[in-house]
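*Asks:* Quick one: the structure is below, questions incoming.
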Amino acid sequence: MMTTLTFHKMHGLGNDFVVIDATQTPFSLDSATIAKLGNRKTGIGFDQLLVVEPPSTPSVDFNYRIFNCDGSEVEHCGNGARCFAKFVIDQRLTDKHTLCVNIKKGPLYITYRNDDDIEVDMGKPILAPRDIPFNIDASAQNPAASYDIIIDGAPLPVSVLSMGNPHVVLFISNLWQQSIETLAKHIQQSDYFPESVNVNFIEILDKHTATQRTYERGAGETDACGTGVCAAVYAAQAVNAIDAINAPVCVKVRGGEIRIRIDQAGHIWMAGPARTVYHGTINLRHD
């Protein structure tokens, strides 16, 4: 049996998404089908699949679900949130420009000003190791989220925190001359991270500028990772390497620039663009 799926291709700074409107028809794709769609050679190809669902409670505007290209459902995607907001406004699913959507970690607030300025309240980072999850002695927890972990028999200084999804942050020099895949995979596959982890490499250029690469769990290196940039800016702020409190920090990623600020309540705000690439349909075969 064949069914036809309508989809919308979008990206935020090169972090690319397929968006599905499930506000009228329940979402029913299984992980194997999502992985097939995510294949860039034989499917559509994407970093994540985003699903727009009706609100589960009256206090939110929509439910927002995220799946990696391997079919696994994940907790959060900041670049996807910007695309989500643009999508529901462009498709006239709402007339609001300030949205509250529900993700796995709870409510998420998004403000749409224009296609180049969509700001997301990413909330406060989660630092407690068991809530990340991060297998380390809880007594080692510290406000800077700084730890030494053992990778390949050697200590590695890292910051570990969650933005609704788990992140490791490493400070590095000559970022774009480095090979990051092998180290990132070793960290992801270590016993420290039972649900794997996104690995971020950040180079601080000055108090308000940095550059970053992220190797995402389930997706590999992507052109941009919104939650990863938020995690890295928090880690850098915690050791006074940058100043994201008095003015936004501009983080340059492969796909462009993301602006991050931290408000007085400790919430991390991320701003950047979203773009629609095309709309299409694909036939799905059901055995």
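Glycine is no exception: its Cβ is also placed from the backbone N, Cα and C atoms.
Quick caveat, the model's predicted, so the values are computed rather than measured.
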*Asks:* Do you know which of Gln48, Gln141, Gln178 TrEMBL groups with Asn15, Asn68, Gly78, Asn79, Asn165, Asn198, Glu216, Arg217, Gly226, Thr227 in the substrate site?
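*Replies:* Same substrate site in TrEMBL: Gln48.
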*Asks:* Indicate whether Cys225 (active site, proton acceptor) is helix, strand or coil by DSSP.
*Replies:* coil
*Asks:* By CA-CA distance, flag whichever of Cys77, Cys225, Tyr278 among the recorded positions is nearest to Asn68 (substrate binding site).
*Replies:* Cys77
*Asks:* Would you mind pulling the DSSP three-state label for Asn79 (substrate binding site)?
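*Replies:* Its secondary structure by DSSP: helix.
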*Asks:* Among the binding-site residues listed here, Asn68, Asn79, Asn198, Thr227, whose Cβ has the fewest other Cβ atoms inside 10 Å?
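*Replies:* Asn68, out of the binding-site residues Asn68, Asn79, Asn198, Thr227, has the fewest neighbouring Cβ atoms within 10 Å.
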*Asks:* Let me check the 10 A CB neighbour count of Cys77 (active site, proton donor). How many other CB atoms are there?
*Replies:* 29
